[in-house]
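Participant: Before I ask anything, here is the structure I am working with.
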Amino acid sequence: MGWHDGCIRCMVGVPFASVIATVLCFAGVALFCGCGHEALSGTEKLIETYFSKNYQEYEYLIHVINAFQYVIYGIAIFFFLYGILLLAEGFYTTTAIKHILGEFKPPAMKGGLISTVTGGPPKGRSTRGRQPVHTIELICRCLGKWLGHPDKFVGVTYVITILWILIFACSAVPVYIYFNTWVTCQSIAFPGKTTTSVSTLCLDARMYGVLPWNAFPGKVCGTSLLAICKTSEFQMTFHLFIAAFVGAAATLVALLTYMVGASFNYAVLRVTGRSDRSKF
């Protein structure tokens, strides 16, 4: 019976929304960073193979791609650490809320998060002498004092969400370019569906700002473009950009879920604090 009660208490304190958001965030970031990195490398190969033979014409593009790839490394590391912090914050604040509302009473939360959130003094301390503090308990207390303020995470997560919306919008640009290229190739493959001459159907990389206007040839037309679309490099890069876009969307959903959960926890703690920790 004691084991069953312990499991029930643990399940009550689990922030399911934060757990789901963390899994979604890690999966989305992994998809965005991994596929985005490889898609940028594939784009570099396509440009230097089919659209320009002079290295100086696409040298700046290579530097930009390398810079984006380093940014991707930073994004992966940041979201890994921040996702863990948000998950820990969800556990701490959910446990504190359940304790305040009388739904959950953790046995070993003395002087940690609950007293930090509720403002109450630590309870149950012995006056006979101070007990030795283990390293893990000390770390938990330090985390509790910092994580017990969901208002901090609401503001930070809000700013991160705004920035990620911009990244999400930027990740749609290469998908749009590759999709237009694929549509053009379909028109070349089935000339009966269009009245335009096949030789005039082209993809001009200079038009999208990928190459300078003096780049040669800079564009590919007709059957040459169709041959590029049939290559495994083009197909793989196109699908990798789509996967990266989906990963960015999943990460955005995870951030919104985090923000809603942190806002709810903050609101509940504020309301219960103003009403002298009364239930509602």
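Placement of Cβ uses the backbone N, Cα and C atoms for every residue, glycine included.
The following feature annotations were taken from Swiss-Prot:
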DISULFID  CYS185-CYS229  disulfide bond
DISULFID  CYS202-CYS221  disulfide bond
LIPID     CYS7  S-palmitoyl cysteine
LIPID     CYS10  S-palmitoyl cysteine
LIPID     CYS140  S-palmitoyl cysteine
LIPID     CYS142  S-palmitoyl cysteine
TOPO_DOM  1-10  topological domain 'Cytoplasmic'
TOPO_DOM  37-59  topological domain 'Extracellular'
TOPO_DOM  89-152  topological domain 'Cytoplasmic'
TOPO_DOM  180-239  topological domain 'Extracellular'
TOPO_DOM  270-280  topological domain 'Cytoplasmic'
TRANSMEM  11-36  transmembrane segment
TRANSMEM  60-88  transmembrane segment
TRANSMEM  153-179  transmembrane segment
TRANSMEM  240-269  transmembrane segment
Participant: Please work out which recorded stretch in 11-36, 60-88, 153-179 has the most C-beta pairs separated by under 8 angstroms from the transmembrane segment (240-269)?
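Facilitator: The stretch with the most close Cβ contacts to the transmembrane segment (240-269) is 11-36.
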Participant: C-alpha of CYS202 (disulfide bond) to C-alpha of CYS185 (disulfide bond): distance in Å?
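Facilitator: The Cα atom of CYS202 (disulfide bond) is 9 Å away from the Cα atom of CYS185 (disulfide bond).
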Participant: Reported as an integer number of Å, what is the Cα distance between CYS221 (disulfide bond) and CYS185 (disulfide bond)?
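Facilitator: Cα to Cα, CYS221 (disulfide bond) and CYS185 (disulfide bond) are separated by 10 Å.
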Participant: Could you give the residue numbers and ranges of same-chain residues that sit at least 6 residues beyond the topological domain 'Extracellular' (37-59) on either side and whose C-beta is under 8 angstroms from one of its C-beta atoms?
Facilitator: 65, 68-69, 72, 174, 205, 210-212, 214-220, 224, 228, 233-234, 236-237, 240-241, 244
Participant: Should CYS229 (disulfide bond) be counted as helix, strand, or coil on the basis of DSSP?
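Facilitator: Reduced to three states, the DSSP call for CYS229 (disulfide bond) is helix.
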Participant: How do the residues of the topological domain 'Extracellular' (37-59) split into helix, strand and coil according to DSSP?
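Facilitator: The composition, in the requested order, is 20 helix, 1 strand, 2 coil.
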Participant: Residue counts in helix (H, G, I), strand (E, B) and coil for the topological domain 'Extracellular' (180-239), per DSSP?
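Facilitator: Helix/strand/coil tally for the topological domain 'Extracellular' (180-239): 36 helix, 7 strand, 17 coil.
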Participant: I'd like to know which of the disulfide-bonded residues CYS185, CYS202 has the most other Cβ atoms within 10 Å of its Cβ.
Facilitator: CYS185
Participant: Tell me which residues of the chain lie with their Cβ under 8 angstroms from that of CYS229 (disulfide bond), as long as they are six or more apart in sequence?
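Facilitator: Sequence-distant Cβ neighbours: THR181, TRP182, CYS185, GLN235.
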